[in-house]
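Asks: Sharing a structure with you now.
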C-alpha cells in the first residue's frame, strides 16, 4: 500500500485512559450520536416530503443535514465501540479510509455552507431576481460542486498519505485517524507533507470562512434598505447560518491553521466538531425557523393519523 510498511495495524490511545471515564463517555456520547442521526434525518425527510419547503434554502439544508450524518458516522461509531474496548485497533487501510471520508464529508460541508451563504446573499440583496438566479438546475450544480470539491480535496490527502512508509511505532495519540497524528508515525521526514496538508485543509477552511464573513457583512449592509419585518426575518435566518458557521469553522481553524502539537486539548476540540456540532445543527435550524417547525408538525400529524 505504501512504500515500506511493516505496520499493518494501528492502536489508538483514545480520549481518556481511565476505563470508568471511558464508560461514562459512552453513556454521554451514545444519545448525542443518536440525536445527530435522528435530528438530521428528520430534516432530510421533512424537506423532501413537505411541499411548503421547496425553496433553494431548504434544498441546501437537506443536503447539509445528510452530510452531517455521514460526517459524524465516519468517526463516532468506531469511537463509541473503542470506548468499551481495552485495546483500540484499526488496520492501516481502515485508517486511510477513515481519513478519506472524514475529509471528504468535512470539506463538502464547508462548501455547502458557502453555497448556503450565497443563496442568502441572492435572496436578500437581489430578491426580484432570486428565483431566476437560484434555478433548480443551478442548485443541483452547486450541490454537485460541493461534493466534487470534497472528493478532490480528500483524494489529495490520500495520495500524500499512501506514499509514506510506516515501519513502527504503531500507536496513534488520538481517538480517530487524521493526517497529523498519522504523520508522526511515518519513518521519514514529513515536513513537506505537513505543509501541503496545511495548505490543502487549513487554507480551504480559512478562505471559505473569509468568504462567508464577507458575504454576511454585505447582507447586513443591504438589510438597511429593508422594512423592519424584512430585517427581522432575514436576521433570524442568517443568525442560524452564522451560528453553524462559527461552530464548524472555529475548531477547524484552531486545529489546522497552526503547527502540529501534542496538546491534549486537540482531542477535546475534535470531540466538539465530530460529535457535538453535528447534533446542534438541526436544533439551531429548527428552533429559529417557523416554517421547518410547522412542516415537522404536519408531517408528524399525518403519521399519527395514519397510525390511527
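The backbone N, Cα and C atoms fix where each Cβ goes, glycine too.
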Asks: According to TrEMBL, which stretch among 6-25, 26-45 corresponds to the feature transmembrane segment?
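Replies: Result: 26-45 is the stretch TrEMBL calls transmembrane segment.
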Asks: Please figure out which one of 26-45, 96-118, 203-223 racks up the most CB pairs under 8 Å against the transmembrane segment (268-287).
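Replies: Checked against 26-45, 96-118, 203-223; highest Cβ contact count belongs to 26-45.
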Asks: In the same chain, who gets a Cβ under 8 Å from the transmembrane segment (96-118) while lying at least 6 residues past its ends?
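Replies: Those are 1, 57, 60-61, 63-64, 67-68, 70-71, 74-75, 78, 90, 142-143, 145-147, 149-151, 153-155, 157-158, 161-162, 176-179, 182, 201, 204-205, 208, 211-212, 215-216, 241, 244-245, 248-249, 252, in sequence order.
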